[in-house]
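Peer 1: Take this structure, written in structure tokens, and hold onto it; I'll ask about it next.
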């Protein structure tokens with residue numbers, strides 16, 4: 001059964017960058033971290049921005065999937081595990097969005113000493129992260145800039161019928 005959204009939220013590259021820089025600012029001082037763990041794929045871009053802003057060069061990645069394009073699944077698939085740490089101590093786990101919280105709950109069990117942050121958070125998953133920048137309604141489908149294609153739109157003038 002497919003997941004249906006009543007609302008849509010479109011994020012531009014500029015908006016994402018601004019929100020992620022704010023997320024990074026909240027994580028200062030940077031010296032408290034040994035490295036960053038990006039949650040692939042959505043957390044890759046935010047993790048790169050956080051890495052740059054905090055001047056942290058050690059960046060690992062964990063690939064966990066709970067989505068199949070537009071449908072959320074209950075089962076999680078680990079496609080690449082973390083190699084930089086065993087318990088997450090001193091690491092900042094970065095993702096784009098916490099939705100149901102299933103992915104973050106799963107990662108918290110594996111990395112109990114890490115700090116977990118996301119750019120966006122929905123009510124069902126908020127308690128699974130330590131910090132986030134903006135909250136969204138649970139029934140909102142978020143469109144990230146890497147999921148969209150830019151195209152030309154005809155001006156309104158001349159389209160009157």
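We number each residue from 1, going along the chain as drawn.
Glycine is treated like the rest: Cβ placed from N, Cα and C.
Annotated 5-phospho-alpha-D-ribose 1-diphosphate binding site per Swiss-Prot: 41, 42, 95, 96, 97, 98, 99, 100, 101, 102, 103, in sequence order, evidence recorded as sequence analysis. Residues annotated as Mg(2+) binding site in Swiss-Prot: 96. Annotation source Swiss-Prot lists xanthine binding site at 99, 142, citing sequence analysis. Residues or ranges marked as guanine binding site by Swiss-Prot on the basis of sequence analysis: 99, 142. Residues annotated as GMP binding site in Swiss-Prot: 99, 100, 101, 102, 103, 141, 142.
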Peer 1: Looking only at DSSP and grouping its letters into three states, which state does the residue listed as 'Mg(2+) binding site' belong to?
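Peer 2: For the residue listed as 'Mg(2+) binding site' - judged by DSSP and reduced to three states - the answer is strand.
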Peer 1: Among all the protein chains here, how many other CB atoms are within 10 A of the CB of residue 97 (5-phospho-alpha-D-ribose 1-diphosphate binding site)?
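Peer 2: Neighbour count, Cβ to Cβ under the 10 Å cut-off: 22.
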Peer 1: Report, in whole Å, the straight Cα-to-Cα distance of residue 95 (5-phospho-alpha-D-ribose 1-diphosphate binding site) from residue 102 (GMP binding site).
Peer 2: 13
Peer 1: According to DSSP, does residue 101 (5-phospho-alpha-D-ribose 1-diphosphate binding site) sit in a helix, a strand, or coil?
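Peer 2: For residue 101 (5-phospho-alpha-D-ribose 1-diphosphate binding site) - judged by DSSP and reduced to three states - the answer is coil.
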Peer 1: Write down the Cα-Cα distance for residue 142 (xanthine binding site) and residue 100 (GMP binding site), rounded and given in Å.
Peer 2: 14
Peer 1: If we count other C-beta atoms within 10 Å, could you say which of the binding-site residues 100, 102, 103 has the fewest?
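Peer 2: Minimum Cβ neighbour count within 10 Å, taken over the binding-site residues 100, 102, 103, occurs at 100.
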Peer 1: List the residues of the same chain that sit at least 6 positions away from residue 41 (5-phospho-alpha-D-ribose 1-diphosphate binding site) in sequence and have their Cβ under 8 Å from its Cβ, in sequence order, or write 'none'.
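Peer 2: Result: 63.
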Peer 1: Near residue 141 (GMP binding site), how many other Cβ atoms are within 10 Å of its Cβ?
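Peer 2: Its Cβ has 15 other Cβ atoms within 10 Å.
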